[in-house]
Structure formats: C-alpha cells, structure tokens
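Visitor: So Swiss-Prot lists the following for this protein:
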BINDING   His100, His455  Cu cation 1 binding site
BINDING   His102, His145, His532  Cu cation 2 binding site
BINDING   His147, His457, His530  Cu cation 3 binding site
BINDING   His452, Cys531, His536  Cu cation 4 binding site
DOMAIN    51-163  domain 'Plastocyanin-like 1'
DOMAIN    243-374  domain 'Plastocyanin-like 2'
DOMAIN    421-548  domain 'Plastocyanin-like 3'
Amino acid sequence: MKVILLKPVQLPMLLLILLKFIMAAKEGKIHVLEFNASSEYTLDKRRVISINGYSATFGPEIRVKSGDTLNLKLTNWICSEEEASKDSDVWKDYCSTALHFHGVVPLANEFDGIPGLTQPTIGYGESYWYNFTIDQSTCGTFWYHSHSSVQYGDGMRGVLIVECDDYDNHVANTINSVRDIETLDDGVVTMKKDKHTKELTDYEVQERIITLSDWYTNWNLDILNDKVLSSTGGTDPKFDGSLINGKSSDGETIKIGFNTEYLLLRIVNSGMSGTQVFHLDGFQLIVLEADGIMIKPFIVQTINLAVGQRYTILVKLKSDTSFIRMINGCNKMMGYITKQWWFYKEGAHLDLPKNPNDVSIEHLPGFTKAELYRDIEPTQEENKKLRTKADPVAVFEFDYAYYKDESTKQKYGTGMYKVNERTFSEYVKDPVRFGFNETYDIVINSLDHMRHPWHMHGHHFQIISLGNKGDGPFHKDVQEGKAWSRYQNDLRHLARTGKAPMVRDSINIAGNSYAVLRINTEMPGKWLLHCHVEWHMMKGLGIVFEVPTTTEDSTKQATTAVLSYPTKEPDPNTVVHTAALEQNKSKVIAVYILIMCAVDAIFYWLLM
C-alpha cells in the first residue's frame, strides 16, 4: 500500500479546510416562519384565536433541531381596529400579543415573550420578529403560547419539538434494554451496559403528539371580565370540558402503522387550569423525558401533568396488539372530566365500545396526585447542564395567599393573590434582585388550600424538597413541624441514595404546602416565576426576578441571536443569525484533528 505523507506547507491549508467543514456542519438550518394571529368563530359560535387559519385551538407545530435558527414573524390581527382602540385596560391587554417559548432554556431575555417587560407589546396590525438559535444543549418537548391576557386558552398556543441525536440514542438505548423483557415492572429500567447496535429508525417506532387541555364554552375575555376581575369575582371559573389534540369529542381514534412495535408519545398539558391524568389501559408507560430533560427511564402505569408540564413516554406494544385504550382525566374542582380515545393499528378490525363508563380516574392503577420528584432522575449528561453549587449563597422565601379583604378590593377592584404581600404587577416595577452566576434556594410557600402549577422562565430548577398537602409552609428558621421534617427527610434521601435532584421548569405545589427549588442564575434579564393557572396570573400570582449583566461575562446575554424587528418589515439581507455558544463536542473534534495533523507532520519529518 502506498503511503502519501503531507508536506508541512500542506498542513495549514488542510487544517483550515477541515475546520471550515466542521463548523459548517455544526451550523443548523434556518427556519423562517410567519404566524398571522386572528380571531375566528367555531361552529358553536365560540370566538377563538387562530394562527395561520388553524381552527383546532392550537397553532402549527414547530419542529427544529438543536443548533437550528428560528426566524419567526408574528403579526397581530386578533382584534378589530375598533376593539383595539378601546380605553379599557382589559381590552388593550387582550388585543396586544407576544409569544413565550415555554421551557426553551437557554434563551436570551429579549425573546422570552413578556409584553412590556422583555419586549414591546405587539399591537393591532403590528409585526415582531423572534430571531434566535436553539442552543446545542436544548432538546425535547416544549410549547409556545401567548403571555398576553388570557389568549392562549383561546388558541394562541402550539407545540415546539427540538430534535437531537442524544434524544434518539436515549430512545434506542431504552428499547435495546426492554425489548427482550416480557413483563415490565414499575420503577427504574435497568439499562444494558452495551449500547444499542441499531439506529432508532431500524425499530418500528411511531411518534405521536398528545396535547391535553381544559376548555371553556364562553370566550375567555368575557369570563375574565365577568367572573374573575369583577368586584365579586372568584379565582377559578368552572370549565366546561376538555380537549385532546384540540378536539372536545370523546371516543376518537388515532391510527398507527401496522408494524408498529413501540409508541413514542410526547404529552403536553397546555391547559389554563386543570391537572391532567394520562393512562393506557393494560400498558406500562416508560418515561424518558420531563420538561425537556432526559431522565433515566422510569416505568409507571398512570401519570399526571401539571399545567405547562411535558412528558415523553415510550410504550412497548404486545405482539397481538390491535388497539389501545387511552384514558384521560382533566381535573376540575370536584372530580374529573373523563375521556377515552383509541390508538389502532392500520388495517385492524375495530369493535370498540361506544361509550364505556367503567372508568374511575382515581382508581386507575398507579394513580397519584403527587409529583414524581423523588422517583425520576436526570441522566448523567443532563445533570451536568445545571451547574448549581452544593450550598446556595442565599435562601429566598415567598409566601402566597388570596386576599379578598375590603382594602384589597378598593385598591385593585377585586380580590387578588399576593406573594409576600405584593402582586405580580408590583414585582414588574420592582423585581427581586439576584446576583449573576450564583446558586439560590427559592422557597415557595402555599398558604392557600388549592394546588397550584408553578413555572420558571429562563432557568431550570432542581427540586430539593416538596411538601405534601397539609404539610404547611417551610421557613428555614422554624426548625419544627411537618414541613421542616419533610425537608430534612428529602435531604437525607438525596445524601443516602446519591441521586441527583430532578430538574424541571414546571411543578405542582400542593395546597398548604411548599417547594424548595435550587437555581443557578446564569441568564441575565428579568424573568418570571408564576402560577400557570391563567386566571391566577391575572389575579396577581407571580413574581419577577432580575439577574444582572456582568462585563466579564457579557456573552451570556447573547447565547442566541439578538436582533428583533418590532412593527416594521425587516430587510431579509440584514437578518443576523448568531450561532449558539460553541459546544464541547465541536471542541473535541477540532482538537482531535489538530493532534492528527501534528502527528502527520512529525511522521513526515522522521521519515525525511
């Protein structure tokens, strides 16, 4: 075999070519999307918001890959010109809009989609560009929705999927570990040490998206005006139904391929209020992802989702499976709205019960109202992303409750939720201030009897401790009581098991209870921490915290593209696409090539 050695003068040129090829390969695709939001009416004369003509109370699915750039232009036609010009603040808020990309972290603050805080409001007839690059570390199931008034329950929402090789490998490795097991037991899946030898595409895997939501027969703005913000308004208007994939009907079917061996279900609770319960009759659910975080595969029979939460589950089908009954319970004030849908294999003979009434949500196998914060654990790779320190520099405690005393009603015109005696609008004016790149424990104490779903913007959090209903508030200087005891027990559990705390962006906090969440403040800007029940948000239940920018690490504020175009059409030639921060994988490849070139050069000189 003839060996061709490179001359030294060839090495720099070869190196430049190879590095250019690598960087070009790492640059993702650019997706240019245009969303036109307008109001439409359903056959039932119910006013909804439609994005690009979609009428199922959900907008188009966005599907990208890690490292891709998204250029999304949103134009607002939600209200008529006459409605948009009304003096009422309630109308002004509803007639303006913005988009929040729920759970996408990291993302520069100017693209967080909070009108009047992180961006200008998008008024009637105006357009706004969201131009950013998905970070290489971001992967999984997310969703987008309006953060203006109560728009998203009317249809201003959709699913955002970020694909990546690590995700596909995680699914394939899990399949490799369970494919020869006849009966799957609840709990952590024992993963095979040998990695999968097949690509994910070699298996018969069918992916389906399942969106779950509550539903109100009346227009949300009417409900907000008449039943929530009035002087006698309450906190939780009764919803009338539920939606699965935007449909209110029961007994619908979802077709899958005849040769399907595994179902991969991305489930999103995109509702305004109700916790959702999900179950597949006779099948185990292998949980692979929670809120965009890949987890060590964990098997359950029934799972619940707080508003804003997402799970990806893998389902191993049986050889004789023709159809699967899907059971969904949408939690209302007293009980559940129960629906049953069916997955069926193409070509299968269907003889389905028309209106089966043998389901009690609370008697489903494995049913629990509790969060799986102790059970599920991020993969080793995911845990490295959250660079929290062992000991926080400070603990911030936030107590919230509902106030309907006369002084509150006189000041706000209605009863309001307050966090540490302040409403959300007051935190907008005067945020809680954190240091940059510091680790904090945030304690959220519910002095309210109801369960509340909380969501954090801009950061993931670790769940250090989570109380049960009735445990009471946790205060670090009160070292007694149920809350203190549970907190200590959770710390001992983490120390004894060596488990990493679960990482999420959304969580349910039980009534008269608490949560201790640990964050590292890496992203500068003003960020929200709020209840994701839309009515509660309108009633003041949330805070704003601010992370400062530092001169020595100012690039942290621009891990994504930084240009946006409020109200005016941009010149396409001037749109800047800034790549995400360089990832370790690229560095390793580049170093490897440098070493190989150096070895080649040494080899050449030795043989001269």
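All positions are counted from 1 along the displayed chain.
Glycine residues also receive a Cβ, built from the backbone N, Cα and C atoms like all the rest.
Tell me about the setting of these features in this model.
Guide: Under the DSSP three-state reduction, His455 (Cu cation 1 binding site) is assigned to strand.
All protein chains included, His532 (Cu cation 2 binding site) registers 25 other Cβ atoms within 10 Å of its own Cβ.
Residue density at His457 (Cu cation 3 binding site): 28 other Cβ atoms are found within 10 A of its Cβ, drawing on all protein chains shown.
Long-range Cβ contacts of Cys531 (Cu cation 4 binding site) within its own chain (separation 6+, distance under 8 Å): Tyr417, His452, Pro453, Trp454, His455, Met537, Leu541, Gly542. DSSP assigns Cys531 (Cu cation 4 binding site) to a strand segment in the three-state reduction.
For the domain 'Plastocyanin-like 2' (243-374), the DSSP counts in helix, strand and coil order read 3 helix, 66 strand, 63 coil.
Averaged across the domain 'Plastocyanin-like 3' (421-548), pLDDT in this predicted model comes to 96.
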Visitor: So around the Cu cation 3 site, His147, His457, His530 aside, which residues have their CB within 8 A of the centroid of those CB atoms?
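Guide: After dropping the recorded site residues, what remains is His100, Asp112, Ile114, His455, Trp527, Leu528, Leu529, Met537, Gly542.
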Visitor: How many Å separate the Cα atoms of His530 (Cu cation 3 binding site) and His536 (Cu cation 4 binding site)?
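Guide: About 9 Å separate the Cα atoms of these two residues.
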Visitor: Want to know which binding-site residues, from His100, His102, His145, His532, His536, are within 10 Å of His457 (Cu cation 3 binding site) at Cα; which are they?
Guide: His100, His102
Visitor: Can you check which residues sit near His145 (Cu cation 2 binding site), meaning Cβ under 8 Å from its Cβ, same chain, 6 or more apart in sequence, and list them in order?
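Guide: The answer is Leu99, His100, His102, Tyr152, Met156, Arg157, Gly158, Ser270.
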Visitor: Please work out the helix, strand and coil residue numbers for the domain 'Plastocyanin-like 3' (421-548) from the DSSP assignment.
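Guide: Split by secondary structure, the domain 'Plastocyanin-like 3' (421-548) comes out as 28 helix, 48 strand, 52 coil.
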Visitor: When you measure from the Cβ of His455 (Cu cation 1 binding site), how many other Cβ atoms are you left with inside 10 Å?
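Guide: Other Cβ atoms within 10 Å of His455 (Cu cation 1 binding site): 23.
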Visitor: Could you tell me which three-state DSSP class His147 (Cu cation 3 binding site) falls into?
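Guide: Note: His147 (Cu cation 3 binding site) is coil by DSSP, not helix or strand.
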